[in-house]
Ligand code: URA
C-alpha cells in the first residue's frame with residue numbers, strides 16, 4: 001500500500017492558505033504554487049542517497065557530501081501540473097521533464113492518454129508525477145499506467161491537495177507509489193471538485209475560465 005505523506009511545514013501550510021483564497025489573483029496564485037512546489041521538493045528529496053567526495057576549501061582539503069548520481073524525472077500531468085514544475089526545477093535543476101496529457105472521454109468519463117513524452121533513459125530514473133489536485137484519482141492512475149507501460153519502475157506522486165477518494169483509488173491501482181501532499185481535504189463534491197479545495201487549479205494558474 002502506497003504511503004501518504006502530508007507536508008505540514010508551516011511555510012507550506014501558510015502559503016497553501018493563500019493559494020486556496022478565492023481573492024488570490026493569477027499572478028500570486030502562480031508564484032505561491034511555484035514556492036510551495038519548491039518547498040515540497042525539499043521534503044520529497046529527503047531520502048536521496050549521498051556519497052563522499054573530496055573538496056578543497058580555502059583552508060584545507062576535506063571530505064564532504066554530494067547527491068550520489070540518482071537521476072530524477074518530473075512528469076507534470078497537463079495542464080495544471082505545469083504550474084509546479086519550475087519550483088521543483090529551482091531545487092533540482094538536473095531533473096529531466098516528461099509530460100503526460102490526458103482528456104476525459106465524454107462517454108465513459110474516463111481519462112484517455114493523448115500525449116506522452118518521457119526522457120530516454122526511463123529505467124534509470126526515479127519519477128515524480130505532478131498534479132496539483134488529486135481529486136477522483138483517475139488521471140493520476142492513468143498517467144502512472146502510461147509511465148509503467150513505458151518501463152518506468154520508480155514513481156512518487158506529488159500534489160498540493162488530495163481528496164480521500166483520489167488517495168484510495170491511487171493506492172488500490174498502484175500500491176507501489178507513495179503520495180506526497182500539502183493537504184488532505186474532506187471529499188469531492190457532485191461535480192468532482194475537491195472541497196474545500198482551491199477551485200480549478202488549471203484555470204487559476206493560467207487565468208482561464
Ligand atoms: N481539478 C481541479 O483543478 N480542482 C479540483 O477541485 C478537482 C480537480
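Glycine residues also receive a Cβ, built from the backbone N, Cα and C atoms like all the rest.
Here TrEMBL has 79, 131, 132, 133, 134, 135, 136, 137, 138, 139, 200 binding 5-phospho-alpha-D-ribose 1-diphosphate, and the candidate from 30, 46, 104 in that same listed site is 104. The two recorded residues, residue 135 (5-phospho-alpha-D-ribose 1-diphosphate binding site) and residue 194 (uracil binding site), have Cα atoms 6 Å apart. Filtering 137, 194, 200, 201 by Cβ distance to ligand 1 (under 6 A) retains the following binding-site residues: 194, 200, 201. Local packing around the binding-site residues 131, 200 was summarised as the count of other Cβ atoms within 10 Å of each Cβ; on this measure the leading residue is 131.
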